[in-house]
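Below is one structure; the comments refer to it alone.
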Amino acid sequence: MKGQIVIFLSLCALSSAILSNFNGKLFHHNENPNPDEELNTLQMIRKAGYPAEAHVTLTEDGYLLTMHRIPGKPGSPAIFLQHGLLGSSADWVVSGKGKSLAYLLADRDYDVWFGNFRGNTYSRAHVSLSHKDLKFWDFSWHESGIYDLPAMITYIVKLKENFLRAYIGFSMGTTCFYVMASERPQIARLLQSTYSLAPVVFMKHVKSPLRYIAPLAYDKIIFSLLGEGELLPQNKVLKFLSKYLCTFESWEEKICANSLFVLTGFDKAQFNYTLLPVILNHAPAGTSSKTVVHYGQGIESGEFKQYDYGAKRNMEIYKSTEPPKYNISKITMPITLFCGDNDWLSSPVDVMRLSNELPRKPIIYKVPFAKFNHIDFLWATDVVELVYKKLLDMLS
């Protein structure tokens, strides 16, 4: 246990050292910044020449979630895009026209909707709680699955008066889908199909350094390390660092890029460095520490289970000393799983286990590029050729 704590604290110290060692060169500002650096999701969409809307829906436990939309023609089929851990709706558009999945779908006359999970940049409101209250952050990806997704999906279905053509989730967007489909299958039946990009369900073979904190996920010390409540919100300090620390001309950009790859796997050949200032202006978009801890528990147990509060509290909540497993055998809809060999969070071995445990055999598409990693599903230089064309063909 002590060894694991030392490793984790060493990683924290390294990150702090990088940010604290300011010198003149760190403030070398890019003379040709990406014009999308300062824009929010709606502004980026409109700048790209598409109409854009914001819609707010209320969850059963009081959170107000903002969805974004590129509306299609009357009667056009709706596609729902759901971001991953620490992400937001911006993730689907930062690559720009002709590269971002949202724009490719809109160009094919789909009605494109973007979800935003509770706690991120666009969903920081509650009917009775302030985001400054610790209670506001008392959630993990379990609540995002049983409350957030149902609220957003039913809102769209009621507005469209029709089923959703497809749910496309990335990373945590897949985790929450499988939670929802297991616990609230009647909501899942409102979707005609789902496409899981880098699915994170079983995590026994995770290579990410997150595995080093997994043994701490059952100890209160983890919240001393991560902090209670909110984890990594998007704020002025982070935006400042992304603008002045991560410029195309400076060596510090490589440090920033590698800090992202530490968690997701490194693919130097596919990463578009020119996007880095825009990406870091929007990510991390914020979530709860409890969400990350829940992932740590999944890595440690190797199972897809509800949050573990400890034997005593589990007995009060679940009537069992162990948290229940999600019953994915209830999921019978058409599913396609997309995976990459170099994905440190969504191992092909774990994806195959997910495939084997689903009652209806899913289609599995392994990206034909050996070093394709987790965030490549969003921002790889060749993501259109390697992933999106296949996905669009399947949709049609």
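A Cβ is built for glycine as well, from the same backbone N, Cα and C atoms used for every other residue.
Record features (TrEMBL):
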{"type": "SIGNAL", "residues": "1-17", "note": "signal peptide"}
{"type": "DOMAIN", "residues": "43-95", "note": "domain 'Partial AB-hydrolase lipase'"}
{"type": "ACT_SITE", "residues": "Ser171", "note": "active site, nucleophile"}
{"type": "ACT_SITE", "residues": "Asp343", "note": "active site, charge relay system"}
{"type": "ACT_SITE", "residues": "His374", "note": "active site, charge relay system"}
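Everything TrEMBL records as a feature, shown here on the structure.
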{"residue": "Ser171", "record": "active site, nucleophile", "DSSP (3 states)": "coil"}
{"residue": "Asp343", "record": "active site, charge relay system", "DSSP (3 states)": "coil"}
{"residue": "His374", "record": "active site, charge relay system", "DSSP (3 states)": "coil"}
Taken over the domain 'Partial AB-hydrolase lipase' (43-95), the model's mean pLDDT: 97
The domain 'Partial AB-hydrolase lipase' (43-95): DSSP-derived helix, strand, coil residue counts: 9 helix, 19 strand, 25 coil
Rounded to the nearest Å - Cα separation of His374 (active site, charge relay system) and Ser171 (active site, nucleophile): 8
Count of other CB atoms lying within 10 Å of the CB belonging to Asp343 (active site, charge relay system): 29
Separation of alpha carbons, the residue listed as 'active site, nucleophile' and Asp343 (active site, charge relay system) (Å): 11
Sequence-distant neighbours of Ser171 (active site, nucleophile) in its chain (C-beta under 8 A, six or more apart): His83, Gly84, Leu85, Gly87, Leu197, Ala198, Val200, Leu345, Ser346, His374, Phe377
